[in-house]
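Asks: Quick paste of what Swiss-Prot says about this protein:
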SIGNAL    1-23  signal peptide
DISULFID  Cys35-Cys113  disulfide bond
SITE      Arg62  site 'Transition state stabilizer'
ACT_SITE  His66  active site, proton acceptor
BINDING   Asp67, Val70, Gly72, Asp74, Ser76  Ca(2+) 1 binding site
DISULFID  Cys68-Cys73  disulfide bond
DISULFID  Cys119-Cys317  disulfide bond
BINDING   Pro159  substrate binding site
CARBOHYD  Asn164  N-linked glycosylation site
BINDING   His189  heme b binding site
BINDING   Thr190, Asp240, Ser243, Asp248  Ca(2+) 2 binding site
DISULFID  Cys196-Cys228  disulfide bond
CARBOHYD  Asn205  N-linked glycosylation site
Amino acid sequence: MAASKRLVVSCLFLVLLFAQANSQGLKVGFYSKTCPQLEGIVKKVVFDAMNKAPTLGAPLLRMFFHDCFVRGCDGSVLLDKPNNQGEKSAVPNLSLRGFGIIDDSKAALEKVCPGIVSCSDILALVARDAMVALEGPSWEVETGRRDGRVSNINEVNLPSPFDNITKLISDFRSKGLNEKDLVILSGGHTIGMGHCPLLTNRLYNFTGKGDSDPSLDSEYAAKLRKKCKPTDTTTALEMDPGSFKTFDLSYFTLVAKRRGLFQSDAALLDNSKTRAYVLQQIRTHGSMFFNDFGVSMVKMGRTGVLTGKAGEIRKTCRSAN
């Protein structure tokens, strides 16, 4: 079933991406002549790593999301900066893992295509291949990005697990993404984990009166309180209990039952458009979810890209040239 879904997605993307020129200079197969081995090399690195640690899928997906939402998809989240002043040192990025996969991919590519492939393109490919490794969606990745030189901890302003629907829609629109993209990309939480500190107020003091969030199913809230005590700072919770290692539709089913882990998950029911998209995924048994996810990932991957002579091609992904 997963293989057939990926085939359908790939066919739809060939029609979509080749029929519409990308004015930003990105295209599928940008390196077809200069580094034809690119995708095979990256895929092998990702699959080898995820065979050993399948839970890396969610952090790698988040890494691409976090990169694109700050300064655009320019690989700035990968940079190490003096005194921990780069993006990766910001609180929302402290839980990112898998930087070694980017490093290993870059090192392997430098052996066969030195100075050709950008780190920002590697990250885009890694995010896709991580989903495929989990039998999730596949899509044609547009390449041609160049790497940014700036990474500033003070510029990290990402959508938050505490955000309401108005803030979420505003943040996504600022990146050229609409309500459907918000819902579909939130579906990536099907493989996610959350930590107790992000739930403390929602479970124990939502309005400052020792109460829980009324938008959270009471039975589910009781289960969460057993796992997350008020002072718990370390326990990790599955965002899609029982299915967090599989990229599937169950996230939307949970949200519709008021069992989304974060306030931002519950918020998807607070707007007529986003609620309709959630219910549509359930009603159609997610028949278009894999395809829609790929479409939204391609759209996000066009955010603020550097192309042409802008930026650079880094020699290593952790430092500018």
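Including glycine, each Cβ sits where the backbone N, Cα and C put it.
Remember, it's a predicted structure, so these values are computed and weren't measured experimentally.
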Asks: If you count other C-beta atoms within 10 angstroms, which of the recorded positions Cys68, Val70, Cys119, Cys196, Cys228 is the most crowded?
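Replies: Neighbour-count leader: Cys119.
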Asks: Quiz question: given the disulfide-bonded residues Cys35, Cys73, Cys113, Cys317, which has the greatest number of C-beta atoms lying within 10 angstroms of its own C-beta?
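Replies: Selected residue: Cys73.
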Asks: Please give me the binding-site residues out of Asp74, Ser76, Ser243, Asp248 that lie within 10 Å of Cys68 (disulfide bond), comparing Cα atoms only.
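Replies: Cα filter at 10 Å returns Asp74, Ser76.
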Asks: Take the Cβ of Asp74 (Ca(2+) 1 binding site) and count every other Cβ within 10 Å, whichever protein chain it belongs to.
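Replies: Result for Asp74 (Ca(2+) 1 binding site): 29 other Cβ atoms within 10 Å.
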Asks: For the C-alpha pair, I'd like the distance in angstrom between Cys113 (disulfide bond) and Asn205 (N-linked glycosylation site), rounded off.
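Replies: Here the two Cα atoms lie 55 Å apart.
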Asks: Starting from the residue listed as 'substrate binding site', work out which of the recorded positions listed here (Asp67, Asp74, Ser76, Thr190, Asn205, Cys317) have their Cα within 10 Å, and give them in sequence order.
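Replies: Of Asp67, Asp74, Ser76, Thr190, Asn205, Cys317, within range: none.
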Asks: Just the number: how many Å between the Cα atoms of Val70 (Ca(2+) 1 binding site) and Arg62 (site 'Transition state stabilizer')?
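Replies: Arg62 (site 'Transition state stabilizer') has its Cα 12 Å from the Cα of Val70 (Ca(2+) 1 binding site).
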Asks: Nearest to Asn205 (N-linked glycosylation site) in three-dimensional space, by Cα, is which of the binding-site residues Ser76, Thr190, Ser243?
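Replies: Result for Asn205 (N-linked glycosylation site): the nearest of the binding-site residues is Thr190.
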Asks: Work out how many Å separate His66 (active site, proton acceptor) and Cys73 (disulfide bond) at their Cα atoms, rounded off.
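Replies: Rounded to the nearest whole number, the Cα-Cα distance is 9 Å.
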Asks: Can you tell me the CA-to-CA distance separating Arg62 (site 'Transition state stabilizer') and Thr190 (Ca(2+) 2 binding site), as a whole number of Å?
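Replies: Thr190 (Ca(2+) 2 binding site) has its Cα 12 Å from the Cα of Arg62 (site 'Transition state stabilizer').
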Asks: Using C-alpha atoms only, work out the spacing between Asp240 (Ca(2+) 2 binding site) and Cys196 (disulfide bond) and round it to an integer in Å.
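Replies: Cα of Asp240 (Ca(2+) 2 binding site) to Cα of Cys196 (disulfide bond) measures 15 Å after rounding.
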Asks: Taking the Cβ of each of the recorded positions and counting other Cβ atoms inside 10 Å, which one has the highest number: Ser76, Asn164, Thr190?
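Replies: Compared across Ser76, Asn164, Thr190, the most Cβ atoms within 10 Å surround Ser76.
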Asks: Would you say which of the recorded positions Arg62, His189 has the most Cβ atoms within 10 Å of its own Cβ?
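Replies: Highest number of other Cβ atoms within 10 Å: His189.
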Asks: Return the count of C-beta atoms lying within 10 angstroms of the C-beta of Gly72 (Ca(2+) 1 binding site), excluding that atom itself.
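Replies: 20, counting other Cβ atoms within 10 Å of Gly72 (Ca(2+) 1 binding site).
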Asks: Using a 10 angstroms cut-off on Cβ to Cβ distances, just flag whichever of Asn205, Ser243 is the loneliest among these recorded positions.
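Replies: Checked Asn205, Ser243; of these recorded positions, fewest Cβ neighbours within 10 Å: Asn205.
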